[in-house]
Amino acid sequence: MSMTRGAMVAAVALVALLLFPATFAFPPAGQQQLDPHFYDHSCPQAQQIVASIVGKAHAQDPRMAASLLRLHFHDCFVKGCDASILLDSSASVVSEKRSNPNKDSARGFEVVDEIKAALEAACPRTVSCADVLALAARDSTVMTGGPGWIVPLGRRDSLGASIQGSNNDIPAPNNTLPTIITKFKLQGLDIVDLVALLGSHTIGDSRCTSFRQRLYNQTGKGLPDSTLDPAAAAVLRPRCPRSGGDQNLFFLDHVTPFKFDNQYYRNLLVHQSLLSSDEVLFTGSPATAELVKLYAASQDIFFQHFAQSMVKMGNISPITGRNGQIRSNCRRVNHN
């Protein structure tokens, strides 16, 4: 009995889900559950407003989708998904925008401002900045060809930020695989979430300063990274010299840089990833390597796992109920 391609993919996906079941984070006792229908009555046009402005921003700047997706990651990994990353420095706040992972690289804040202004005009003090980030991340993924998912909503916004948490909790380009696994585990995310979520590097850019050591001095002995294809390294060196050019941008996926697909994992298989923290998924552990090979072979399974892990990440320690606030301006805390 022959199987259609769709049936075969479904069967493979089912096996993958049995091997790597998606685990959704449920809130502690006393914390409200997020709900995709949270704004159905209070602001029914919310998702349409977000999608429209994200679409316009993506059309004007193809890099913006990756930037908005990254904002959601960097928000959720610090004190949970509470829009703390959006706060500017003030008398009471030291902005996370000044942290090592965000300084000179986090962007898209003006797009969030535009979305928030439109939401405030339609539904004042109703839709949180944290939910804006969650929706914009989903819409950015879809608009670049990736999977969609239903976004649970009802997060509220923080009253502060944590530059220390931003510096310590967000995985760094030079972290070892055990360190990255630990940082994900601290957020309640497992190894499947780790490998799937790093697949977001199928779009976006990285600065020379984030991977220079791979080209010249990976281990402190003056030698390039042995897990980086020499031909790929030779292409990178002219615009990423030993000194200077720190802010020069390079595609994380040089093959399909603006398309959300599984090419990222195929690049790992041939040692052509840009960041050390990406390549170690293939070279650092048999368990992560198997997932890399699975996603490289099946974009359908990658998309399915990515969507599930994004929902799970979006559930990290949300502020709900009467806690926190709904900021009227995402850059500052309400004081009235």
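Cβ atoms are placed via backbone N, Cα and C, with glycine included.
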Cys123: disulphide-linked cysteine among Cys43, Cys208, Cys240 [source: TrEMBL]: Cys43
Recorded disulfide counterpart of Cys81 (TrEMBL; options Cys76, Cys129): Cys76
Of Arg70, Cys123, Asp253, i.e. the recorded positions, those within 10 Å of Asp82 (Ca(2+) 1 binding site) when Cα atoms are compared: none
Disulfide-bonded residues listed as Cys43, Cys81, Cys129, least Cβ neighbours within 10 Å: Cys43
Beyond the site residues Asp75, Val78, Gly80, Asp82, Ser84, Glu96: chain residues whose C-beta lies within 8 Å of the centroid, for Ca(2+) 1: His74, Cys76, Phe77, Lys79, Cys81, Ala83, Ile85, Ser158, Ala161, Ser162, Gly165, Ser166
Residue pair Gly80 (Ca(2+) 1 binding site), Cys208 (disulfide bond) - Cα distance, angstrom, rounded: 29
Chain-internal residues near Cys208 (disulfide bond), provided their CB is under 8 angstroms and they sit 6+ positions away: Arg239, Cys240, Gly245, Asp246, Gln247, Asn248, Phe250
